[in-house]
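A short worksheet on the structure shown next.
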Amino acid sequence: MAPSGSRSIKRGCQRVLYWIPVLFIALIVAWSYYAYVLQLCIESIENTGEKVVYLLAYHVIFIMFVWAYWQTIFTRPMNPLKEFHLAHSDKELLEREDRGESQQEILRRIAKDLPIYTRTNSGAIRFCDRCQLLKPDRCHHCSVCDECILKMDHHCPWVNNCVGFSNYKFFMLFLAYSLLYCLFITATDLQYFIKFWLAGGRAHFRLKEYLNGLPDTQAKFHILFLFFSASMFSVSLASLFIYHCWLVCKNRSTLEAVRAPVFRHGTDKNGFSLGFSKNFRQVFGDEVKYWPVPLFSSSGDGCSFPTCLVNLDPEQPSSPSGSNPASKAAAEGRQFPSKPLRESQSRLLSSTPSWSESDGAADKDKKGASNPGMTIENEA
């Protein structure tokens, strides 16, 4: 009982420590709200029109920023579906076999019925001993969350959550709105920062509390520090946002940028890239009206992804449409796997036809019409 109790206390302390970065960001945001709204807009700006415009624009950006941050933190990462978990009989069979080629034969047999195309560096089936499942493409085990995460990008301490398929769009919007938030504060605070910094005998630079110098030291401190902090955060957020925009354009995760995915034909860093438009829509969805809103609208189910592979996987059933598992499932008259989303989320994905399936069907018809013997050559 003692070791188990100590482990529970340790996990509890870790959970508390993991929330410290989030608490730090929350305190910074709360102080920035006080400094901008009260100290700058209400106390320091005399022009009523300018004050109203600043406050309206600020609150719109602030609401979108907090909304996206909240969604990134509290959207639970999606895990592989039950089809990827080993059945009880398969677990027993795997435990009886010696580790090596015999176990790989069992895993390959199970993987034949699943849309799995990526492999380990040695060419083996990607299997998670901890979760006892075959890893779907782009799925990785997070050591902090202690579970496999669909399309895992990274574990972010600033949101105390894994960034993956379920919340990557929210993470991108969080970066975008936080950058816009800092740039807006920097731009609107600049003139008053200069006035406070260079003030002295310039009577035409009068503020509400400005009399013969700077008697309102509290407002001066908040406005100066607000400008410096917003400027510094803008630089770091801009670099991080640009990097993740590049990842979206290339259809890569942070983990895939560090280590390219491995397919049967070898390593291919562009294996999941389908062109800028389709790469972007995989993250933000097909409906433009949902792009700037922190609501789930990403395409797909997180378990299978269309690829641009040239060489077919010999362990998967060959099909004229290439290596798109969605078209394979459609040809068999079933949808695999079912979308593990709430009803409100599923509505966004089911309201428009999946571009990956339509593209795969179009390629199939086009190739079949242009070269009737292609199927026979591939199967041979």
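Here, residue 1 is simply the first one shown, and the rest follow in order.
From the backbone N, Cα and C atoms, a Cβ is placed for every residue, glycine too.
Quick look at what TrEMBL lists:
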- 16-36: transmembrane segment (TRANSMEM)
- 52-70: transmembrane segment (TRANSMEM)
- 125-258: domain 'Palmitoyltransferase DHHC' (DOMAIN)
- 170-194: transmembrane segment (TRANSMEM)
- 221-243: transmembrane segment (TRANSMEM)
- 314-380: region 'Disordered' (REGION)
- 316-326: compositional bias 'Polar residues' (COMPBIAS)
- 346-357: compositional bias 'Polar residues' (COMPBIAS)
Long-range Cβ neighbours of the transmembrane segment (16-36) (under 8 Å; 6 or more residues past either end): 58, 62, 65-66, 69, 73, 144, 157-160, 185, 189, 222-223, 225-226, 229-230
Counts by DSSP class (helix H/G/I, strand E/B, coil) across the domain 'Palmitoyltransferase DHHC' (125-258): 70 helix, 16 strand, 48 coil
